[in-house]
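**Q** Heads up, here are the entries from Swiss-Prot:
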TRANSMEM  4-24  transmembrane segment
TRANSMEM  52-72  transmembrane segment
TRANSMEM  73-93  transmembrane segment
TRANSMEM  115-135  transmembrane segment
TRANSMEM  150-170  transmembrane segment
TRANSMEM  171-191  transmembrane segment
Amino acid sequence: MRAVVSLAVVFVLSYLLGSLVAGVLYSRGRGEDIRGRDLPGGSGTYRQYGKGAAAAVTLADILKGAAAVGLALWLAPQALPLATALATFGVVFGHCYPVWFGFRGGGGIAPFLGAMLVVAPWTLLATVTFALALIPLYRATLQPRLRLNAIPFATVVAVPVGLLIASRLGGGAEFLAGSAAMGIRAVHLLAEQRA
């Protein structure tokens, strides 16, 4: 029973932490709301406010992902990897659907990176390297035909490869949990664009 309570606390605290979306906080500090023009992650903040703001927002979002997993390691060490998977899902889902900001948040990439940085840094490094290597190849071959931004394409291809890498290097449960939360958000964003 105690483990169940610990897991519930980990999930709720991770979700609430994820709901503190740095891009929204930054833009509100300027008397605006970035979500009226863009997503509140690092890329949207870069487009709206420049490099310095984007770096600060991205770092804050990465740190909250790392903090959520650290919280899981501290509160529920007896329930690993379930605790860290719940923390990863919670912080990413909270970033995407923040309770503090009307359930309208970012895409979840930075908190996912932060969580994976703590749980499975080698899995993260290998997956990001693979995704970045795909981008120039995609732009040279498929992008003219598909007319889809390179980042979503690289993400779609890198997630299954990342799961394969995680099965060898570790962090599979957390990788799957974070990918699931980002996948829900991606489907939601695509549905909004088509409506």
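Just so it is clear, glycine is given a Cβ too, placed from its N, Cα and C backbone atoms.
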**Q** So, taking each listed stretch (4-24, 52-72, 73-93) in turn and counting its Cβ pairs to the transmembrane segment (171-191) that are under 8 angstroms, which one gives the highest count?
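**A** Between the stretches 4-24, 52-72, 73-93, 73-93 has the largest tally.
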**Q** Are there residues at least six beyond either end of the transmembrane segment (4-24) with Cβ under 8 Å to its Cβ atoms? List them, or say none.
**A** 33-35, 39-42, 44-45, 56-57, 60-61, 64-65, 67-68, 71-72, 75-76, 78-79, 82-83, 86-101, 105-106, 111
**Q** Six or more residues beyond either end and a Cβ under 8 Å away: which residues meet both conditions relative to the transmembrane segment (73-93)?
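**A** Those are 3, 6-7, 9-15, 17-18, 64-65, 108, 111-112, 114-116, 118-119, 172-174, 176-178, 180-182, 184, in sequence order.
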